[in-house]
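A.B. asks: Pasting in a structure now, in structure tokens, and then I'll have a few things to ask.
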Amino acid sequence: MSCNLLVILGPTASGKTQLGVELARRLSGEIISADSRQVYRGMDIGTGKDLAEYGDIPYHIIDIVDPGFEFNVFEFQRCFQRAFAHIVNRGRLPVMVGGTGMYLEAVLNRYRFVEVPENADLRRELSTFSDEELAERLKGANPRLHNTTDLLERGRLVRAIEIAEYEDSREPLPLPELAPLIFGIRWERPVLRQRITDRLKARLEQGMIDEIEQLHRSGIPYETLEFYGLEYRFVAKYLKGELNRNDMFQKLNSAIHDFAKRQDNWFRRMERHGTVIHWLEGDGDPLKEAQEILRLNAIPR
């Protein structure tokens, strides 16, 4: 099966969008965003939408819900399936770009998310099981299990069993067959840290504080805004008078650096569990590197 999905992943400020747009332009592609915050309308500077970068390239799963809507990985997977089918049916190539690891894994590992209620009786029964017994129960309930992430943590094991046994008598929704080619952008740590700091300064100069203040004036409490990511959390604290501007910048900058490390850790974990990522050097020519890998995979450039 030839590649039917291109994926560009990497930590924040790594240049994913730019590369994704360049490849989409060359491959008759369209962007599918895998960013948990860019779905929200009105949250532009703080989420780094950079819509001007897209130019004439169509994009999906950006600006689709209002702040306050609880958008989660279940919603993302449904949106991805619709966008993927829409793009493929018109003979174009989906290019998924993002750094939200859970969203990326949901697609690449073909997680089957359904709205399954908690089963109190089943949970009481499973509470007497060892982790090994839970793992065997899950394998019995889902013999086609290929992704083993759910076997690594007890709470996820229980929930996975709950879902598998709930689904057993139901007709599953079809998931698209994927043949992804995955690129990741990486930088030396000091260089990425400087890119993060420079980008934060630029966003503040572009009016990020005003954007967040306007969201508050539109009726969104500061306490709610704090749940929409680091930028919104620390700027909300500044606007409430809990931090001065310098402390806000320093704490936010440090928090974004830590977030980038967590993203890198997530991507490494994906690799340990079998995801093949072709890493491109950010300080080299990632577009040229990507085109060479595309050539080797016999994908027209």
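Cβ atoms are placed via backbone N, Cα and C, with glycine included.
Taken from Swiss-Prot, the feature ATP binding site covers Gly10, Pro11, Thr12, Ala13, Ser14, Gly15, Lys16, Thr17, and the record attributes it to sequence analysis. Annotated substrate binding site per Swiss-Prot: Thr12, Ala13, Ser14, Gly15, Lys16, Thr17, in sequence order, evidence recorded as sequence analysis. Feature annotation from Swiss-Prot assigns region 'Interaction with substrate tRNA' to 35-38; the stated evidence is sequence analysis. Among the features that Swiss-Prot reports, site 'Interaction with substrate tRNA' is placed at Thr100, with the record citing sequence analysis.
Let's see these features in context: how buried, what's close, how far.
C.D. replies: Around Ser14 (ATP binding site), the C-beta neighbours below 8 angstroms that are at least 6 residues distant in the chain are Gly99, Ile185, Arg186, Trp187, Leu192, Arg195, Gly282.
When pLDDT values are averaged over the region 'Interaction with substrate tRNA' (35-38), the model yields 97.
Under 8 Å, Cβ to Cβ, and six or more positions away along its own chain, Thr100 (site 'Interaction with substrate tRNA') finds Ala34, Asp35, Ser36.
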A.B. asks: Starting from the Cβ centroid of Thr12, Ala13, Ser14, Gly15, Lys16, Thr17, the recorded substrate site, name every other residue in that chain with its Cβ within 8 Å, sequence order please.
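C.D. replies: The answer, listed by sequence position, is Gly10, Pro11, Gln18, Gly99, Ile185.
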A.B. asks: Other residues with Cβ within 8 Å of the Cβ centroid of Gly10, Pro11, Thr12, Ala13, Ser14, Gly15, Lys16, Thr17 at the ATP site?
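C.D. replies: Going along the sequence, the neighbours appear as Gly99, Ile185.
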A.B. asks: Excluding near sequence neighbours, so keeping only residues 6 or more apart in the same chain, what lies with its CB under 8 A of Pro11 (ATP binding site)?
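C.D. replies: When sequence neighbours closer than 6 are ignored, Pro11 (ATP binding site) has Gly99, Arg186, Leu192, Phe259, Ala260, Lys261, Gln263, Asp264, Phe267 within Cβ distance under 8 Å.
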A.B. asks: For Gly15 (ATP binding site), name the DSSP secondary structure in the helix/strand/coil scheme.
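C.D. replies: Once the DSSP labels are grouped into three classes, Gly15 (ATP binding site) ends up as coil.
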